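The next block holds one structure in the form of structure tokens; read it before the comments.
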Protein chains: 2
Amino acid sequence: MDAKDPLAAKRAEFYLPENTIYLDGNSLGPMTHAAKDRVNAVMTQQWGDDLITSWNKHQWIDLPEIVGEKIAPIIGAGPGQVICCDSVSINLFKVISAALSLNPSRHKVLSQNDNFPTDLYMTQGLENLLGREKCQLVTTKEEDILDSLDESIAVLMLTQVNFRTGRIHDIQSITEKAHQLGILVIWDLAHSAGAIPVKVDEWGVDFAVGCGYKYFNGGPGAPAFVYVAEKHLAALEQPLSGWMGHASPFEFSPDYEKPPSIKQFLCGTPGVVSMSVLDASLDLFTDINIEMIREKSLALTDLFIELVNQEESLNQLEIITPLEHDERGSQIAYCHDDAYAICQALIAEGVIADFRAPNILRFGFSPLFLRYADIEKSVELLIDVVSEKRYDSEQFRSRKAVT
Amino acid sequence: MDAKDPLAAKRAEFYLPENTIYLDGNSLGPMTHAAKDRVNAVMTQQWGDDLITSWNKHQWIDLPEIVGEKIAPIIGAGPGQVICCDSVSINLFKVISAALSLNPSRHKVLSQNDNFPTDLYMTQGLENLLGREKCQLVTTKEEDILDSLDESIAVLMLTQVNFRTGRIHDIQSITEKAHQLGILVIWDLAHSAGAIPVKVDEWGVDFAVGCGYKYFNGGPGAPAFVYVAEKHLAALEQPLSGWMGHASPFEFSPDYEKPPSIKQFLCGTPGVVSMSVLDASLDLFTDINIEMIREKSLALTDLFIELVNQEESLNQLEIITPLEHDERGSQIAYCHDDAYAICQALIAEGVIADFRAPNILRFGFSPLFLRYADIEKSVELLIDVVSEKRYDSEQFRSRKAVT
């Protein structure tokens, strides 16, 4: 399978430590050689030698748009609608506010009760600030979302891939149903952009946000992105109106003036070093397409599931990721009472997975650097860890700050 | 003077291009060798080799607090009150909202009409979002600030050093007067932290924000910081309640729960690469104190002003920076009709200054790397540029995006 893999050559673009199988690229993508080279250039030639003049000379000032335009085709966005800035959380606050500004006769924001927490927290922050008569978070179970849509809802905010279970939402059909009821939609692509095909323009998505440090391999805490459908840019208002999002920032005028473009979603000065890392890593996507990535992702997850299923000693691992291709993201999650300790023991064996409270063992499958042979080897090690109870020690059971 | 300079050895800690006198450290501090070394370590050993485990292994998760605690003594803050995160603009939104939440019977935010624009823009953003009955920006001229304070004002938001003129506000006396009238104060230290002594605790400052990429030499777009007086941490509310600012982020609970600490001002995932650069550069401050820096800053600016005054050909340059020491920041600004072209011509001669619209030529004096000899040389070149009208060409008059 590796011999026939059309993405096989991409692995050489990554720096990957020896004796490690990295099944956590869905949480933090690994370093690319291009990122390393770029950081050296940004530090030495740009910041070091050219100092402040680099804002023009090395286009630092255009970096948020340059990076946005690289992300755009990967999520099916035409030009002028994606910009790189801030964090997913901050960008959520911008788009929730913006969506509410476009739907002023309503005030409810519907989401899923097990959405990634920051999506809920940012909405709660806006709710506390504005009062419930202006912004009210309403949550429902995943299976009740479509039935919960009605004409009292202003905004539907969902995450394409559930961070725990890996289940995919059908953006197109949900967006269509929401629009029929006059509801604007925000899609959080944090756990899918770069791994799952998305067609934000074609599917009529109003707003989307997503992450730079997962499948885009932009480095720890890489800046995020925000997509806004062009038709909304003129009428919306978003409150984080910082100087970099002004129509003419270097006129230093006392009154905020909104630019007509996606630049209105910029706020403060962009983090040039971090954003440059992301910019460099994104070049890995230029000569491939997201369908190729998706095809390999499904083959990798199919193989992993099949190998786990074949092994009787692993039958205590209860899969909570859907088996159907069109419902499965690029990650697989199993429940197990000892999920935390198993995860730590696997890391000690060189297989990096992650744990999500309270009892989820999560494996991410990033197709640009993983080989099918890695899947086979990682399941072998998982079998060793579980069947021999190698995880059953204080060393692996004691909790760390971040897992 | 250089021979007697107690900070002279600090210059060797910086990478400075040859044949360049950098009078723009107030806008973007130059690269430190420590920053370069740290980036290499973060890229290769941390991100590259240790991947996701670095959140624990290399304390990425604690970086915002670690950096905050390094900044704290430089601005006179005791522990547990400063954290590094996001941009100055975003942090302004947090503290304006927080200050209003503590003063709910009032709604006016008073500022200076020529404050740095983002301070005004972020307040305008909040005003648009909440409505003027909940948040109203009121601005006044610098000289009218004290007279404009009254019991209708909820929050006074000022910048310690005026970014155009370099004039310093007396934080202590203004804060005292504001407090007598029940007004909470926000001080923006973007143009002063790391250059001007500040004693936020002793002076009873309620909130402060500041910049990582100017006198702290944290690299282009380095993350910013926020200070909140400990007494306010329990009662305040701030709306950018992202998952990293949750009391227990890795429990992934659906409801935001505010931690009792300054960590409530975190929002999304911190930009580890950029924040590491700042962390490394801040170590330059460990064996010196801000009074030493201030003493040299005043000596540098005194010398520059004196040398310019001595030269008749420079008498078209109209100084707008106060001559009194206690009113002068670490920058000097001159008005001139051809300020833009003069600035560009100076850059061509190797003296990097900057221009601020409409007609300001601005020189910044960062005491950790500048020598008195640099001041002498830069004024000589300024004399050449102005007396010989070297700036009077299309090359220097045509405007670039960022200046």
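Backbone N, Cα and C atoms are what each Cβ position is placed from, and that goes for glycine too.
B:Ser89 is the only one of B:Ser89, B:Ser97, B:Ser101 that TrEMBL places in the pyridoxal 5'-phosphate site (with B:Phe116, B:Pro117, B:Thr118, B:Asp119, B:Thr159, B:Asp188, B:His191, B:Tyr213, B:Trp243, B:Thr269).
In sequence order, B:Met244 are the residues near B:Thr269 (pyridoxal 5'-phosphate binding site), counting only same-chain partners six or more apart with C-beta under 8 A. Mapped onto three states, the DSSP output places B:Ser89 (pyridoxal 5'-phosphate binding site) in helix.
Here the binding-site residues are B:Ser89, B:Asp188, B:Tyr213, B:Thr269, and the ones sitting under 8 angstroms from chain A, going by CB atoms, are B:Ser89, B:Tyr213, B:Thr269. Each residue contributes its Cα atom, and for B:Asp119 (pyridoxal 5'-phosphate binding site) and B:Lys214 (N6-(pyridoxal phosphate)lysine) those atoms are 17 Å apart.
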